[in-house]
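Novice: One structure is given below, represented as structure tokens, and several questions about it will come after.
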Amino acid sequence: MARGGRGRRLGFALGLLLALVLAPRVLRAKPTVRKERVVRPDSELGERPPEDNQSFQYDHEAFLGKEDSKTFDQLTPDESKERLGKIVDRIDSDGDGFVTTEELKTWIKRVQKRYIFDNVAKVWKDYDRDKDDKISWEEYKQATYGYYLGNPAEFHDSSDHHTFKKMLPRDERRFKAADLDGDLTATREEFTAFLHPEEFEHMKEIVVLETLEDIDKNGDGFVDQDEYIVDMFSHEENGPEPDWVLSEREQFNEFRDLNKDGKLDKDEIRHWILPQDYDHAQAEARHLVYESDKNKDEKLTKEEILENWNMFVGSQATNYGEDLTKNHDEL
């Protein structure tokens with residue numbers, strides 16, 4: 001039995017092409033352990049389970065961003081604490097010696113925006129082939145699907161053909177939704193909306209539609225409970241379902257299926273994956289303060305943060321800091 005992974009594993013010959021197809025879609029990827037469609041809404045802080053490796057990883061990626069978290073994974077505890085102290089000074093925007101929930105929320109939002117900006121900047125040159133600081137649909141299509149379109153016979157009988165055949169019109173639909181002026185050419189802002197639609201209000205319907213298309217295996221325009229579960233979990237053997245799967249079935253019945261008709265429509269999917277009243281940065285900031293606030297004054301000193309440094313920047317994957325690399329640049 002295994003929890004479903006994500007990411008397409010096509011042939012080696014398609015490796016370079018797939019790098020262009022899939023690399024920009026970082027936020028569309030789901031965890032390899034358990035698929036998630038929505039930024040996780042935390043339970044009441046006092047009821048959160050003890051931290052495990054997955055939740056520690058979530059905390060320090062939310063706090064640092066994915067790239068910086070990889071760097072911190074490779075530091076010794078002393079190095080991590082030293083760098084964390086410098087970050088704390090930057091988070092404390094009013095310089096009063098305390099980090100509040102609001103200051104932490106502002107920092108986490110900044111980290112997220114930086115990640116998105118860096119991601120777009122990293123792939124921009126791959127698509128802006130004529131270097132006019134814009135990306136046309138034709139440029140994107142040729143960079144991503146050019147080999148497939150130019151050599152259809154190589155893909156005719158393969159599963160890769162079905163993958164590309166599905167993704168091409170889907171990408172075109174998303175590109176046109178992001179292209180607000182309708183000129184089939186994306187500015188950096190429009191291309192950011194194309195790559196990261198969940199961050200833009202006018203792209204939310206595309207996020208909902210793509211989610212429905214991904215999960216709705218029988219094509220009836222709805223997501224039933226079995227489709228909902230299969231999207232997160234797949235049986236390799238006919239054994240019992242794990243407790244978390246049983247809990248998800250209850251979640252489906254109690255909280256996802258709002259009209260109790262046994263399936264999710266677009267409005268219910270939107271309510272599930274794009275909760276209107278949930279701010280992930282606020283929730284994460286509240287969690288970090290709650291877990292580290294020893295004197296319960298609802299704000300953190302640098303000492304309180306450094307005492308709980310492993311939740312902010314540590315990773316159990318490296319036993320909280322094998323010294324794997326040297327000469328790290330200062331943040």
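Residue 1 is the first one shown; counting continues down the chain.
Glycine too: its Cβ is placed from the backbone N, Cα and C atoms.
TrEMBL entries are annotated by machine, without manual review.
Positions annotated as signal peptide by TrEMBL: 1-29. Among the features that TrEMBL reports, domain 'EF-hand' is placed at 79-114, 115-150, 166-201, 203-238.
Walk me through where these features lie, including what they touch and how far apart they are.
Specialist: Summarising model confidence by region, the domain 'EF-hand' (79-114) averages a pLDDT of 93.
As a summary of secondary structure, the domain 'EF-hand' (115-150) carries 27 helix, 2 strand, 7 coil according to DSSP.
Note: the domain 'EF-hand' (166-201) comprises 25 helix, 2 strand, 9 coil (DSSP; helix = H, G, I, strand = E, B).
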Novice: Would you mind splitting the domain 'EF-hand' (79-114) into helix, strand and coil residue counts from DSSP?
Specialist: 27 helix, 1 strand, 8 coil
Novice: Reported in the order helix, strand, coil, what are the DSSP residue counts of the domain 'EF-hand' (203-238)?
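Specialist: DSSP classes over the domain 'EF-hand' (203-238) add up to 19 helix, 4 strand, 13 coil.
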